[in-house]
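Colleague: Just passing along the structure, written as structure tokens.
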Amino acid sequence: MGFKRGKNFTLVMLIFVSMAGWMFGADTGSIGGVTSMRDFRERYADRYDPITDQYSLSSARQGLLTGMVNVGSLFGCIISSPIADRFGKRLSIIGFCAVYIIGIIVQVTAVPSWVQIMVAKIWTGIGIGALSVLAPGYQSETAPPSIRGTVVVTYQLFVTGGIFIAACINMGTHKLHKTAQWRVSIGINLLWGIITMIGILFLPESPRYLIQVGKDEEAVRVLSESAELFPDSEEVQNEYHRLKSSIDEEFAGGPCSWASIFGKDIRYRTFLGMFVMSLQQLTGNNYFFYYGFSVMQGAGINSPYLSAMILDAVNFGCTFGGMYVLERFGRRNPLIIGGIWQSICFFIYSAVGSRALYHKNGTSNTRAGAVMIVMACLFIFGFAQTWAPAAYVIVGESYPVRYRSKCAAVATASNWLWNFLISFFTPFIQASIGFKYGYVFASCNLTGAIVIFLFAKETKGLTLEEINELYMSVIKPWESGNFKLNYSEQKKVEKEKSRKGGARGESVEYVERASNTDSSPQYSSHEEDYA
């Protein structure tokens, strides 16, 4: 019977939906090593040194081969919103997996033209970008509130897993004969797209989308299966009516346009999501993940493939900690502390690299290089448990269902835009100012901590509907961690006012309870129709 599938459902959802993150990570983790392989450079490099018999890529070509996947991803995450609204997240995920697979095939079969690989990277990026919006969104809409943060963190866990495995594959293939060096490294990514596409076929559409398109009975069935309860049970019916009421209320103003996500009721969260996702890239994480091979070479490391693999292993291992950190300490504090920690690590990394790495005779200082690797590992230790997963959690859970697809698309587009800018311009900047580049990232990390302190509210343990009420209230972000919004009591107040003839849109008293006080202060906010 259907209700017996509940426990397995969450596990299956975690694995197959999060595989979309693996696809993203595999591309990120492979490109740096692939573009450094001998056969790849012999075919696609635009520079040759006859004295050393070494081929190399110019900064422009290196930046294009590395960064164009992000251009495709930017486009993919924008078009994912209207497609998901039309076909649902489940079918959209399947479709964009197919797009990703086509892009990988074109890369593997590339003729001796670097332009074909660049174009294929754009096509692959369309799939990756769309899935970076759809996968966390599907998880947020389907997972129970008590584990929603953990569920969404699994997406980032699989991103880091993909990066690490790609580094391991590069380590094993870079000595193979001729084109096998890079074709195997790229081609194995087909497997991740196929696994994701097949796995999602066995998962249901999210109940929120089903209610949105009028398939209420199917939504109740999905709710009952995930909760391991009968469809007519009180818990399932209460959850269904809560979702139904929330969705009807939010869609009363008509279809959501792109302009409406910048309306006064939602623009605070729209800009917050854009800032958080932009700052996630500006932490400097992809400085190591895209160019870890080159960075390690510059630091005088003899085995850059091994060093890059070590960095990726630290990233993957520490992401498991993020699953605990976000559920135990919430969203705000880890992001604030993580930003400060990462800023310190980058400052030391850059100071050592720019002042102590090279002796006067031009040889590298191995001790200074070791310190830089330690600082890079400590940076990743903090990033993997804070900014890496928390940014996706905030974007996945902060928006009302009417605005969710478009707001998440705009926020994630900001992430991909900065991803491209960093990946493309890093070779130029690194060649110009060297390791002083890290001072820029140190400043951005500190800025990120300040932005979170001033603008992000604590949402740990709240339902998506309660989160909406929290952001509609007047609670200051730095005070939001002390309060647990009592959604059911607030609804009782609304119903009482409605019963007495109160018009919709009137001032509603939001009843909130402080977790550390006996009093029950009230906050007044204007709940207006979303137009």
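A Cβ is built for glycine as well, from the same backbone N, Cα and C atoms used for every other residue.
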Colleague: Are V12 and R86 on matching sides of the membrane - judged by whether Swiss-Prot gives them the same topological domain name?
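Modeller: Yes, same side.
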Colleague: Have a look at S364, S498, S519 and find the one that Swiss-Prot tags as phosphoserine.
Modeller: S519
Colleague: Pick from S30, S58, S146, S515: which one does Swiss-Prot list as phosphoserine?
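Modeller: The phosphoserine feature in Swiss-Prot corresponds to S515.
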Colleague: Given the candidates S56, S480, S507, specify the residue that Swiss-Prot annotates with phosphoserine.
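Modeller: With Swiss-Prot as the source, phosphoserine is noted for S507.
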Colleague: Go through the chain and flag residues at least 6 beyond the ends of the transmembrane segment (117-137) whose CB is under 8 A from any CB in it; none is fine as an answer.
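Modeller: Counting only partners 6 or more residues beyond its ends, the transmembrane segment (117-137) has Cβ contacts under 8 Å with 17-18, 20-21, 23-24, 27, 44, 64-65, 68-77, 79-81, 83-84, 89, 92-93, 96-104, 106-107, 110, 152, 155, 193, 196, 392-393, 395-396, 404-405, 408-409, 412-413, 415-416.
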Colleague: Can you tell me how many other Cβ atoms are located within 10 Å of the Cβ belonging to N361 (N-linked glycosylation site)?
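Modeller: Counting Cβ neighbours of N361 (N-linked glycosylation site) within 10 Å gives 5.
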Colleague: Please identify the stretch among 149-169, 184-204, 271-289, 306-326, 437-457 with the greatest number of Cβ pairs below 8 Å relative to the transmembrane segment (333-353).
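Modeller: Per the Cβ count, the answer is 437-457.
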Colleague: Taking the transmembrane segment (14-34) as the first stretch and the transmembrane segment (149-169) as the second, find out whether 3 or more Cβ pairs fall under 8 Å, excluding pairs closer than 6 in sequence.
Modeller: yes
Colleague: Under a criterion of three or more Cβ pairs within a distance under 8 Å and sequence separation of at least 6, are the transmembrane segment (92-112) and the transmembrane segment (306-326) in contact?
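Modeller: In this chain the transmembrane segment (92-112) does not contact the transmembrane segment (306-326) - fewer than 3 Cβ pairs sit under 8 Å.
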Colleague: Quick check on the topological domain 'Extracellular' (170-183): DSSP residue counts for helix, strand, coil, in that order please.
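Modeller: Residue counts in helix, strand and coil order: 8 helix, 0 strand, 6 coil.
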